[in-house]
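Take a look at the structure set out below.
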Amino acid sequence: MAPSIDVIPTAASTAAGMISDMEAAFKSAVKLKQIPGAVVMARSMNGDIDYTRCFGARTVERDECQRLPPMEIDTPLRLASATKLLTTIMALQCMEQGLVDLDENVNRLLPDLSDMQVLTGFDAAGNAIMRDREGIIKLRHLLTHTSGLSYAFLHPLLQEYMAKGYLKTAEKFGIQSRLAPPAINDPGVEWIYGANLDWAGKLIERATGVDLEEFMQKNICEPLGITDMTFKLQQRPDMLARRSDQTRRNENGSLRYDDSVYFRHDGEECFGGQGVFCGPESYMKVLNSLMKHDGLLLKKDTIELMFQPALDAELEKKMNDHMDTTPHINYGAALPPVMRRNFGLGGIIAMGDLDGHNWRREGSLTFGGGPNIVWQIDPTVGLCTLVVFQLEPWNDPICKDLTRKFEKAMYSQVKCRN
């Protein structure tokens, strides 16, 4: 009998195997009706990696011919909180144009925000106890979620405030419902996830004299050649005809069509924190531009500022403590839940390498959106990735596992080529 020979896998064979396994996992998830569909994309700084794959369908509802229309690279998607990166870019463009400053008092453009009081609790009769804010709110606070604002659905005080009738449920899809809740702390005191980018959007509009849609078309879409990005979906019948539906996972794991208001009505105004619709390919153009520092959106120095940790040691600890005690929210998406994180201008910064050199590196910037959208830019490796589903709720275990498989497969490509 001939002696056995151990075959040592090469980096190339390992990378090919990881990509094959990843693609098989996505296809299996579609076949088993665990997800309706997804698009995954990756681009590298040097152009060696240019990967795009589309899986499954953009809806669980069959068309008149009993077909499930496919998910494609230009399928219009609801970005939800992935909009926040775009609004951050627009705010920084205003800074570059000399219209605003990161550290000036926003009172000049947002007196309604500056005058807002802080909710501290309720008295024995159930009346809200309010106090004046201490300190000034800066644009930097809005871009880093340190202004003292919180989303009403995330904070117990605001939930009680709403339950007592202080905040009425909006009858229309209007931005004022997002801007109405009072602050729950002073600026610069803690990291709280809230309607900061919606307020930043209002600041941009007042600084420029145009709405966010017009500013975005001129300053993001035109430079990058994007034609399918909008806050105003109902005014784009070409996009409406091809858009993805929203899908929701039931408690038993099955999928159902979600007739979301977002797809039937435009907001009364542009939501800087969650209002954009666009195709995956167009969003990747934004990520790629930032990664390459090509100057089409922002100057090199401004982009580098986005990747600098913006929170001091005390604020960073508070942010990490909050994130570690709310794993159900999982702001970091694919990030391991106990790793050290900071916040830059636009997203969460990983303050250490993930899985040695096999995954994201220290200094990578990431965020996402409620329908399990995850983007990340890794300047150390020179790689940006995008994973898009249109499936809720956020932090879905199946989507999260598939996202990690995809990212690690792309990083295996980087190791193979270096």
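The chain as shown is numbered from 1 upward.
Cβ coordinates are placed from backbone N, Cα and C, and glycine is handled just like the others.
Features reported for this protein in Swiss-Prot:
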| type | residues | note |
| --- | --- | --- |
| ACT_SITE | Ser81 | active site, acyl-ester intermediate |
| BINDING | Arg78, Arg178, Tyr193, Tyr262 | monacolin J binding site |
| BINDING | Gly370 | 2-methylbutanoate binding site |
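Annotated features, which come from Swiss-Prot, shown on the structure.
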| residue | record | Cβ contacts under 8 Å, 6 or more apart |
| --- | --- | --- |
| Arg78 | monacolin J binding site | Ser244, Gln246, Ser260, Tyr262, Phe263, Phe277, Gly369, Pro371, Gln390 |
| Ser81 | active site, acyl-ester intermediate | Gly273, Gln274, Phe367, Gly368, Gly369, Gly370 |
| Tyr193 | monacolin J binding site | His145, Ser150, Tyr151, Leu154, Ile329, Tyr331 |
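For Tyr262 (monacolin J binding site), the number of other Cβ atoms no farther than 10 Å from its own Cβ, over all displayed protein chains, is 18. When Cβ atoms from all protein chains are considered, those within 10 Å of Gly370 (2-methylbutanoate binding site) total 18, not counting its own.
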